[in-house]
Each structure stands twice: as structure tokens, then as C-alpha cells.
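Novice: Per TrEMBL, the features are:
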BINDING   B:Ser61, B:Arg64, B:His150, B:Lys169, B:Tyr178  CTP binding site
BINDING   B:Ser61, B:Arg64, B:His150, B:Lys169, B:Tyr178  ATP binding site
BINDING   B:Asp73, B:Asp75, B:Asp127  Mg(2+) binding site
DOMAIN    B:59-150  domain 'Polymerase nucleotidyl transferase'
DOMAIN    B:163-273  domain 'tRNA nucleotidyltransferase substrate binding'
DOMAIN    B:292-438  domain 'CCA-adding enzyme C-terminal'
2 protein chains.
Amino acid sequence: MTADSKKEKIAEIRAEVLKRVRPTAEEKTKLESVRKGIIDDIVRIADAQGQCDILPLSVGSAERNTWLHGNHDIDVFISYPEDIPEDEFFQRSRMILTEMAKTGDTWEDRHSEHPYIHIQKEGFEVDLVPCFRVKSGAEIKSAVDRTPFHCAFIKENINGLENDVLILKQFMKGIGVYGSEVRTGGFSGYLTEILTIYYGGFEGVLEHASNWKYGVVIDLADHQSLEHDNPLVVVDPTDPKRNVAAALSLTKFALFIDRARAFLKNPNLEYFTPKEYLPMTADGFERTMAARGTELIGISFQTPDKAEDTLYPQLFRMEKSLEELLARNEFTVVNTFSWSEDDKESIVFVELLNTVLPPLQKRVGPPVWNENNAESFCKKYKNNPATFSFAIENERYVAEVPRKYKTAEYLIEDMIFKEAALGRHIRDSMKNGYNVLREKEIAEIQNEEFWKFMNEKLTAQISP
Amino acid sequence: MTADSKKEKIAEIRAEVLKRVRPTAEEKTKLESVRKGIIDDIVRIADAQGQCDILPLSVGSAERNTWLHGNHDIDVFISYPEDIPEDEFFQRSRMILTEMAKTGDTWEDRHSEHPYIHIQKEGFEVDLVPCFRVKSGAEIKSAVDRTPFHCAFIKENINGLENDVLILKQFMKGIGVYGSEVRTGGFSGYLTEILTIYYGGFEGVLEHASNWKYGVVIDLADHQSLEHDNPLVVVDPTDPKRNVAAALSLTKFALFIDRARAFLKNPNLEYFTPKEYLPMTADGFERTMAARGTELIGISFQTPDKAEDTLYPQLFRMEKSLEELLARNEFTVVNTFSWSEDDKESIVFVELLNTVLPPLQKRVGPPVWNENNAESFCKKYKNNPATFSFAIENERYVAEVPRKYKTAEYLIEDMIFKEAALGRHIRDSMKNGYNVLREKEIAEIQNEEFWKFMNEKLTAQISP
């Protein structure tokens with residue numbers, strides 16, 4: 001493909017993608033009207049309560065005109081003067097939120113450290129978040145106080161690149177790197193917008209990303225004040241200490257580089273549609289596992305009643321910890337992954353080359369000249385009638401001893417609470433019971449979403 | 001045990017060991033007479049040939065009074081003026097050796113780069129070695145020229161410690177670290193003598209060795225002129241560049257430290273007798289392997305017609321290389337060892353935790369930002385219908401591909417000539433044919449020495 005025909009092709013793709021992702025005039029009108037209603041409600045309620053110093057602030061992609069068709073999120077912040085005491089902030093914001101909850105079709109208290117509610121209203125998902133009206137993003141009193149600055153920064157600097165943001169977001173969705181929640185570990189909306197501004201548009205982002213390496217630093221405001229050890233460092237233009245890309249995982253960073261490069265080589269509309277996996281059938285699963293010849297072990301337990309962003313770090317840590325436990329005992333892990341469903345079960349999977357080992361285990365001890373450790377190693381294994389042999393190899397004592405964990409399942413059952421790093425909520429749930437599943441038990445799971453997930457995990461192919 | 005009773009015990013042990021290892025008066029007289037006869041023969045032959053500038057030199061432990069009872073080695077060097085041309089040296093030394101060969105009961109040409117013959121005479125093993133009469137050990141023209149200097153140094157400095165040398169040598173024989181040939185990788189006689197002189201006797205050597213660590217340096221003459229990366233560095237008092245302990249392996253160095261420490265804690269005559277292993281029976285072998293549960297593979301071929309010091313480095317390299325080849329392909333090696341018998345077969349063994357692997361192999365490719373390597377990895381595995389999956393993990397491409405080598409035997413047979421580092425002589429021999437032996441074929445080997453060797457390899461226990 002010549003450079004010119006590529007340009008043409010990309011222009012066509014841009015037009016087609018925009019057609020799909022730009023909100024319709026009708027959508028916009030609807031959103032405007034709902035948003036206006038919410039802001040009016042807040043002002044009315046605050047006035048009635050004598051809270052005349054609050055300010056409702058529309059933030060989020062809707063405000064910035066960078067929202068995708070079909071996305072029905074509205075974020076409205078309620079800002080308080082920064083010098084009011086925390087007690088007062090909590091008490092007064094609760095008063096408003098209590099009344100606002102009544103204006104929704106449904107509502108949900110979502111506060112963790114910070115008060116906030118979520119309401120559904122006329123088909124929109126609305127977050128209502130009290131915050132402090134601080135002087136700058138660097139002087140925040142709570143994490144949410146930054147958001148209004150982000151919103152203002154983008155509005156001031158977007159300069160007609162709204163469509164490029166939409167296209168880039170959809171590209172990221174299509175290749176599976178959009179979303180900064182822990183489970184995804186991808187790009188946040190704000191990060192996508194900053195990249196678009198910094199590189200002057202969708203194509204600019206892809207061209208530069210093609211040449212990214214670990215540790216690339218982007219500092220629009222040229223005010224970085226902290227080093228970060230992350231694949232991508234995008235210094236927050238509203239806070240010199242913060243890396244906007246801190247939540248981006250290495251895998252998603254690398255995947256974006258690969259996909260950017262591939263798209264520019266051969267532009268194609270396919271990149272903009274997330275891949276759909278059909279549910280695997282029981283037969284298909286059996287055939288797949290027979291072809292792989294590997295051994296799958298799943299550890300299932302009741303999903304802790306926690307937000308995904310609390311649960312997923314614990315699931316990921318458990319995967320890593322199981323892999324290390326197994327490797328220390330000479331079982332070779334090829335893959336780990338986690339399935340989790342709210343109110344139902346979570347399953348942490350490990351896929352192994354082998355689940356059975358011979359009775360002999362070779363233990364490599366300390367060097368001869370490390371006298372204290374040598375003594376305790378010798379005490380344990382020398383002249384021990386159970387050992388197969390006791391010798392010196394290179395500088396170290398080595399003992400061939402009877403292996404304690406001859407199967408991966410026994411190792412897991414015996415050591416999971418002792419040697420695996422389990423997060424608090426997973427540990428609590430597992431204490432109430434857990435199951436170790438093998439292929440047969442896994443095959444019995446009845447859940448279409450689960451089998452789509454398994455299909456993706458066992459057959460994923462980067463393409464095009 | 002108190003310090004005093006230990007001292008007493010060691011004194012008793014010394015006396016008993018000396019009784020066993022000191023040559024008898026009869027042995028000494030016999031050796032003296034054979035040695036004198038050889039020197040007279042050399043002088044007579046040289047005179048008859050008009051070679052009046054040569055000097056016969058008795059070297060070796062016999063000359064130093066540090067030879068062990070039962071050892072019937074005599075080393076006689078024939079030294080030439082250092083300024084004669086090489087041609088003349090070769091021609092004239094051949095003349096003498098040819099005549100000397102006739103004085104032996106049997107004789108053998110052992111020259112490699114350097115001319116030398118071995119004769120048997122009246123029950124003695126005699127090495128006859130021509131050399132140059134150089135000015136110092138640092139100015140040698142050939143490796144053997146150093147020996148007369150070594151002999152002279154020890155004679156001048158031994159100062160009545162001959163018995164300590166005998167006891168130390170026997171201790172080293174008993175624990176299996178005596179002998180500087182490659183197969184053993186232990187302490188040479190000269191090294192043993194220097195250690196005895198330096199540390200003032202047998203007990204002094206053991207006491208200091210107890211605290212040795214990798215890299216200890218001993219420099220009697222305080223004239224070291226080269227750094228050496230060896231476990232033990234003993235600068236040759238006759239050559240500042242040479243490490244007398246260069247041939248000492250890390251394993252034998254560490255074993256000596258361990259045994260020295262153990263002996264001093266609990267002195268015992270046992271240390272002075274090499275351990276004897278009974279030959280393993282076919283039944284015993286089968287039971288041992290069943291208990292270990294591991295898999296043994298032997299690669300057997302005709303022993304190359306070479307000196308042990310040429311062959312063993314090649315056997316050891318082959319062990320290491322096989323281990324690496326297997327590990328690269330996910331087979332876990334626990335032990336390797338080599339059996340070799342002159343004029344018969346050599347067998348290189350690998351003992352494995354597993355010899356069968358599942359069809360799926362996970363190949364970890366280059367990082368995404370290593371664009372050239374990434375391209376060739378993707379070309380090979382992406383959109384390849386044979387792959388199970390193709391993805392990105394962390395910064396790298398990973399492909400799950402069909403495993404080529406699902407059994408260790410097939411891997412060995414297919415790759416041994418391509419990827420294993422085979423020494424020239426082993427390669428030549430294997431090109432003429434080799435066999436891959438499994439437990440069943442190994443069990444059929446009829447050879448008592450082999451089964452003693454196997455017993456040692458499969459059941460060794462450091463003791464006492």
C-alpha cells in the first residue's frame with residue numbers, strides 16, 4: 001500500500017468509525033436535558049437546605065464532547081468550599097445526596113472512603129460525587145477533587161480534536177485496552193484525551209505509540225516532579241506528581257504498541273470492533289484440552305462481596321502466588337487466569353505441563369563455607385535413612401530426599417493458606433470453603449459467559 | 001571430646017596411618033636399586049651415543065620421600081642444555097628413548113606434543129621424560145621443564161614434614177580428592193606437599209582448610225604475578241604466573257573443606273580408607289530406580305582411543321551440554337555422570353524428573369519494542385494455523401505452539417549432533433554408532449566395575 005492510499009484508507013475508516021460512535025443529535029439533546037435536570041435538582045435542593053455555597057459541576061466525557069454513542073454516563077460533582085471541616089462536608093453532602101437519591105429511578109450508595117451515590121435516571125447512569133473546590137490539582141483534599149481540573153484542562157486544550165478522541169477510544173475498545181479499572185489495566189478516558197492532544201490526533205498517537213518503549217515519558221506541562229517506574233509515564237498537567245497512566249499494565253501497553261504498528265501497516269475497520277468469542281462447548285473444551293495435553297486446575301470459591309477494583313488485585317496476586325508455589329515445587333505453570341462473577345463463584349485457574357512428580361526430589365543446600373546454614377542442612381539430611389543420597393556438588397551440599405508434594409493438587413490443598421499470598425477477602429471467602437476443580441468438574445460448569453471467557457483464554461489469537 | 005583427647009586421638013591415628021602407608025625398608029631398597037639401574041642405563045646409553053651434555057634427574061615423590069607404600073612409580077627426566085635447537089632435542093632424545101625402551105620389561109610411547117616413554121621394569125612403572133635444563137621455573141621451554149624445579153623446591157623446604165605429606169595424601173585418597181587428572185579433579189602430589197609446608201603439617205592443613213572459602217590465595221614466595229579465577233590459588237613458588245591448584249575442581253575443593261571440618265570435630269581412621277561400593281544387582285538397580293521414580297537415559301558409544309585426560313573433559317562437556325539441551329526443551333535433569341572403560345564402551349548418563357511432555361509448548365518471544373525480532377517471531381507464529389494461541393504477555397509476544405520434542409529420547413536422537421557440544425573424539429566415535437539406553441537396557445550390562453560405579457552414583461552418602 002502506498003503512503004497516499006493508506007492515508008485515503010484511514011480517512012475512510014475515520015469517517016465510518018465516526019458514523020458509528022458519534023452520539024446522535026437526539027442522544028445529545030436527551031443527555032443535555034437529563035443533565036440540566038440533575039443540575040437544577042441539585043441547586044434547588046441545596047437552596048432549600050440553605051447550602052448556598054455549593055456548586056454543581058458537570059464533568060466526564062459528556063461535558064467534554066468525547067463520549068461514545070451508546071454510552072449513557074453522566075458525572076456530576078457537587079463542590080464545597082475547601083476550608084469547611086470534614087465533618088461538615090460529610091454531613092452536608094449526605095443531606096443533598098439523600099434528597100438526590102429520591103430523584104432517580106433507582107439509586108445505590110457507592111461510597112467507600114468518599115461519599116458518593118449512583119442513580120439511574122431516564123436510561124442514564126449518573127454518578128453524583130461531592131468534592132472540595134481546591135485551588136489546583138496539586139492541592140487536592142481527596143482523590144476526586146482532581147476531576148474538575150482534568151475536565152477543565154481537556155476543554156481548554158482539546159481544540160477541535162474531539163472526533164480524534166472518539167476514534168482513538170473506539171480503537172482502544174476494539175483491541176481491548178480501553179478502561180483503567182484493575183481488571184482491564186488499560187487506558188482511561190482522560191489519558192486517551194491527553195495523548196490525542198499531545199500527539200495532535202488519532203494518527204499521531206498511533207505513529208508515536210509504534211515506537212514507544214518501556215518508560216516513555218510525556219509531560220505536556222513540562223513540570224514533572226516525581227520519577228515513576230511505569231511502562232508509560234504521562235505527567236498529569238494538573239498535578240506534577242501524578243502519572244495519569246499509572247494504572248496501565250505492561251501487557252496492555254505492549255498490546256497497544258503492537259496494534260498501533262499493525263494498523264498503520266495495514267489500516268482496517270476490524271480494529272474498531274471488540275472480538276466476540278463464542279461459548280466453548282463441553283465437547284470443544286475436551287478436544288481443546290486433549291490437543292494441548294496440559295493439566296488445568298481451578299480453585300473456586302464464593303466471590304467476595306467487593307467492588308471489582310478491590311477484588312481483581314487479589315485475584316491477580318493469587319495467580320502469581322500459586323504460580324510461584326507450584327514452581328518452587330517443580331511443577332511447571334504455563335498459564336494462569338481468573339474468572340469472577342458477582343454473587344456467584346470466582347475461579348482462579350492454573351494450567352500446568354505436569355501435575356505429578358517422581359518420589360525423588362533434589363534439594364540444593366548452602367555452600368560448604370556458609371558454616372551455620374551448612375550445619376543445619378547437614379543435620380536435617382545427612383545420615384538420614386530416608387534420603388536417597390547426600391553429596392557435594394560444586395560448592396554446595398545436595399540431598400536427594402523423598403518428595404513431599406508428588407501432586408500439584410495435594411501441594412495446593414496443603415499449602416494454599418500457608419504459602420500462597422491470599423488477599424484478605426479471598427482468604428475469608430476460602431475459609432468458608434473452596435473446591436479444587438479438574439477438567440471433569442470444569443466441564444460441568446453451566447454458564448455461557450464463562451465458556452466465552454474460556455474460549456478466549458484457551459484460543460486467543462492477536463489479529464488481524 | 002576435649003581438645004586434649006582429640007590431640008591424643010589424632011596422634012594415634014597418625015601412627016596407625018603411617019604404619020600403613022610408609023614404604024617398607026625392603027620397598028625402599030628395591031626402589032633405590034631399580035632407580036639407580038635406570039639412571040646408570042641412561043648415562044651408559046648417552047655416553048655411547050656421544051650425548052655427554054645430558055643429565056638424568058630423578059624427580060617425583062620417590063625422590064622426595066613422599067611416596068606411599070604400594071606406589072611403584074619412578075619418574076626420571078633426561079635434561080638437555082636449554083639452547084639446543086628443537087629439532088636436535090627431538091632427534092637426540094628419541095635416540096636415547098629408543099634404547100631405553102629395550103631395557104624395560106614392556107614399553108609404551110606416550111608422547112603427545114612432547115616425547116616421552118613409559119616402561120615397566122621389575123614391577124615398577126617408570127616414566128622417562130626428556131626436558132630442557134632451563135634457568136628457572138618461570139623460563140621453561142616446555143611444560144615438563146618445571147618438574148625438576150618442583151622437586152628441588154620440595155626437597156629444600158620439606159624440613160622433616162615427609163610423614164605429614166604421607167598422612168595428608170592418604171587422607172585425600174580416603175575421601176576421594178587425591179589426584180590431579182581431569183577425571184578426579186583433585187589435589188596433585190606437589191600441591192599436597194606445598195600445603196603441608198605452608199601450614200606446617202597435616203593438622204595445620206585441615207585446620208586452615210576448614211575455614212577456606214572460594215578464592216583463597218596461598219603464595220609462599222610472595223611473588224604472584226597473575227590473577228586466577230579458581231577455588232584455590234596456590235602460586236607456584238617456582239613460577240609466579242602459575243596456579244598449582246588450577247586443576248582442582250570446585251566440588252573436590254568443597255568436599256575437602258567439609259571433610260577437614262568433620263575430621264577435626266571427630267577424628268576417625270575411617271577417613272583414610274577409600275569407600276568401597278559393592279556392585280549393584282539387577283534387582284537392586286530396579287528397586288532403586290522404582291524408589292527414585294526418575295528416568296535414566298544413557299548414551300553409549302565406543303570409548304575413543306585417547307588418554308583419560310583427553311577423554312574426560314569431553315565426557316564432562318557432553319554431560320553439561322546434554323543437560324542444557326534437555327533444560328531448554330523443558331525436561332528437568334537431576335543428575336548427570338559418565339562411565340568409561342578403555343577399549344570398551346563409554347556411557348554418558350542423564351537422570352530426569354520427566355521424559356514425556358504434553359503437545360503444547362509455550363514460546364516466549366521478544367519484547368514488542370524489539371521490532372526486528374518481533375517481526376520474525378510474528379512471521380513464524382502469528383496466523384499460523386498450527387498454533388494454539390498467539391498473544392502478548394507483559395512486554396513480550398508469546399505463542400503456544402505444537403511441541404516438537406515430546407520425549408527426551410527423540411530430542412536427544414534428533415539434536416545430539418546439532419546442538420550438543422561434542423568433543424571431537426566423542427563425535428567421531430558416535431558417528432560410527434551410538435545407542436540410547438533406558439533402564440531395561442542398562443540393567444542388562446554385565447560388568448562388576450560398572451555396577452560398583454552405579455551403586456556409588458545412585459546411593460552416595462558423605463560419611464562419616
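Quick reminder: no glycine exception, Cβ is built from N, Cα and C everywhere.
No curator has checked TrEMBL annotations; they are predicted automatically.
Quick caveat, the model's predicted, so the values are computed rather than measured.
How buried are the listed features, and what sits near them?
Specialist: According to its DSSP assignment, B:Ser61 (CTP binding site) is helical.
With a 10 A radius on its CB, B:Arg64 (CTP binding site) counts 21 other CB atoms from all the protein chains.
Under the three-state DSSP scheme, B:Asp73 (Mg(2+) binding site) falls in the strand class.
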Novice: Using a 10 Å cut-off between Cα atoms, which of these binding-site residues sit near B:Asp73 (Mg(2+) binding site): B:Ser61, B:Arg64, B:His150?
Specialist: B:Ser61
Novice: Pick from B:His150, B:Lys169: which of these binding-site residues has the biggest number of other Cβ atoms within 10 Å of its Cβ?
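Specialist: Of the binding-site residues B:His150, B:Lys169, the highest Cβ count within 10 Å belongs to B:Lys169.
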Novice: These are the binding-site residues: B:Asp73, B:Asp75, B:Asp127. Which one scores highest on other Cβ atoms within 10 Å?
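Specialist: Counting every other Cβ within 10 Å of each candidate, the maximum falls on B:Asp75.
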Novice: Cβ within 8 Å of the Mg(2+) site's Cβ centroid: which residues qualify beyond B:Asp73, B:Asp75, B:Asp127?
Specialist: B:Val59, B:Gly60, B:Ala62, B:Ile74, B:Val76, B:Glu125, B:Val126
Novice: In sequence order, which residues at least six apart in the same chain have a CB under 8 Å from the CB of B:Ser61 (CTP binding site)?
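Specialist: B:Ser61 (CTP binding site) has long-range Cβ partners B:Trp67, B:Leu68, B:Asn71, B:Asp73, B:Gly189.
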Novice: Using Cβ atoms only, which residues of the same chain lie under 8 Å from B:Tyr178 (CTP binding site) while being at least 6 residues apart in sequence?
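Specialist: Listed in sequence order, they are B:Lys169, B:Met172, B:Thr184, B:Gly186, B:Phe187, B:Thr192.
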Novice: To the nearest whole angstrom, what is the C-alpha distance linking B:Asp127 (Mg(2+) binding site) and B:Arg64 (CTP binding site)?
Specialist: 16
Novice: Under DSSP, the domain 'tRNA nucleotidyltransferase substrate binding' (B:163-273) has how many residues in helix, strand and coil?
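Specialist: Going by DSSP assignments, the domain 'tRNA nucleotidyltransferase substrate binding' (B:163-273) contains 52 helix, 15 strand, 44 coil.
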